[in-house]
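Below is one structure, written out as structure tokens; comments come after it.
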Amino acid sequence: MDSEEDMLDAHDMESGEDDFYSGGTDDCNDSDDGEPDYGFVEEDADDSAMIASHRSQKNFCVLREEDIRRHQMDNIERVSVVLSITEVEASILLRHFHWSVGRVHDEWFADEERVRKTVGILESHVVPPSDDSELTCGICFDSYPPEKIASVSCGHPFCTTCWTGYISTTINDGPGCLMLRCPDPSCLAAVGHDMVDKLASEDEKEKYNRYFLRSYIEDNRKMKWCPAPGCDFAIDFVAGSGNYDVSCLCSFSFCWNCTEEAHRPVDCSTVSKWILKNSAESENMNWILANSKPCPRCKRPIEKNQGCMHMTCTPPCKYEFCWLCLGAWMDHGERTGGFYACNRYEVAKQEGQYDETERRREMAKNSLERYTHYYERWASNQTSRQKAMADLQQAQMQNLEKLSDKQCTPESQLKFILEAWLQIIECRRVLKWTYAYGYYLPEHEHAKRQFFEYLQGEAESGLERLHQCVEKDLVQFLIAEGPSKDFNDFRTKLAGLTSVTKNYFENLVKALENGLADVDSHAACSSKSTSSKSTGCSSKTRGKGKGSSRTGGSSRNPDDNL
């Protein structure tokens, strides 16, 4: 079976030029399975659901628990009807074949006997004796009347007490209970959920049903649970658009490919490296190398933050040495420069003895400063994003109702404020990851770095204008005594800033995902233009009359303006 990455890559190869924010299909009903519509937000859904689905793309659908159960039952009924088997047997088949109805049909009609044997569905059920004679339990070997004995399709008799203990143990052991077989070691007959419903306790039945529900998502390559803590929604993903960012109704956005938080415009490998770098010890070692020196005796790193050059290592070492030359302090004094200088160090430095050490320290310092620059801004945008999410919640819970009363405007006409906050939250996320992008952008590609920093700076400026408008300018209307004649102008301004900022950030994302290809194309055009001009000048020098003049003039094509 192909891996999930292979499936997604295949979709990517088949797709044309990616439209990253338009989604893949017009509706989730366009999927191959032809499953019923389970949309993003119902018409009577509350505002929070509407807000959470604001950026929902058409290449995925959010599934609630009731949606998942409905799909499970639909699949079970389809298999049961087509194969003329019970729903219990159909659920066992689907669970074995990872809830793929098509594969169940293919395997069953190709070799029904083999499938029955593999899955544990017997063609003919063994009927226990109908008389009143007692039966012996195959586990405890006690004799019981027929009403105290239970069995599955194989007919092996076990008392209800042993069955209950067997089922309880397997359920508490984990999801393996979904593949339960007859307790007889030589028998492979499957145990369905009907036996669980009959003999398990209420808590165990609830746990079994939870495993059963989760198996539908976890066994399906195009479905995943939302990774947000405490979220019970699942995502049904349709590959093909090249955009792997999905947004759950809980408001958490994540990457379908790596299940980390949504991270466009950087790819999954860059995110993995960045997260690892943020949590690894490499930057700690860089800091130690840049800001400390090892004790000459015990090699423990020591930081000098103030005072003279006389250093004393911590116990039990207690070695006294010079910070500059690392020599024993007993060899130092007024003749070597006193407490704040070291002649020995200056002489050795001039002779080049510390060149390699200083070079390493300088490299570590530069590396640390560069990382700190990008990390601080990455973290700052994350903090700003969290603050914007809190402000959005406050706008939903308090400000909209208050503003509606003050301005005599229905809340339905104030959604432009929520749209602005949503756009700010999204832009903060994008801006945050541009700093990871910039950190890994090769330093020798100067043109790309300049273009990137320009785009990033413009994005920050535009976002700040939008943020200030919705955060500061709105206050005057919240504290106003009554309707303000300037409110419509504010609405127009905020809606316009939201639209402009959205378009700019979409273009920024596309530019970065394309590797800033515009820089290369502009460089190529400039090179081509320069070459054409040079050729034109040569022709003009050698040629005669208007012909050579036109040759020179024709080299000025529209590319020259790029």
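Positions of Cβ are set from backbone N, Cα and C atoms, glycine also.
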- Note on the structure: Swiss-Prot record, zinc finger, of the ranges 78-108, 295-325, 450-480 the matching one is 295-325
- What does DSSP say about Cys162 (Zn(2+) 1 binding site): helix, strand or coil? helix
- Going by Cα-Cα distance, pick out whichever of the binding-site residues Cys159, Cys226, Cys248, Cys298, His332 is nearest to Cys258 (Zn(2+) 4 binding site). Cys226
- Apart from the site residues Cys295, Cys298, Cys313, Cys317, the 8 Å Cβ neighbourhood of the Zn(2+) 5 centroid comprises Pro296, Arg297, Lys299, Arg300, Ile302, Thr314, Lys318, Tyr319
- Mean pLDDT across the region 'TRIAD supradomain' (133-346) comes out at 85
- Query: Given the recorded Zn(2+) 2 site (Cys154, His156, Cys182, Cys187), which additional residues of the same chain have their Cβ within 8 Å of the Cβ centre, ordered by sequence?
  - Reply: Ser151, Val152, Ser153, Gly155, Arg181, Pro183, Asp184, Ser186, Leu188, Ala189
- Note on the structure: Per DSSP (helix/strand/coil reduction), Cys322 (Zn(2+) 6 binding site) sits in strand
- Task: State the Cα to Cα distance, in Å, between Cys325 (Zn(2+) 6 binding site) and Cys295 (Zn(2+) 5 binding site), rounded to an integer.
- Result: 11
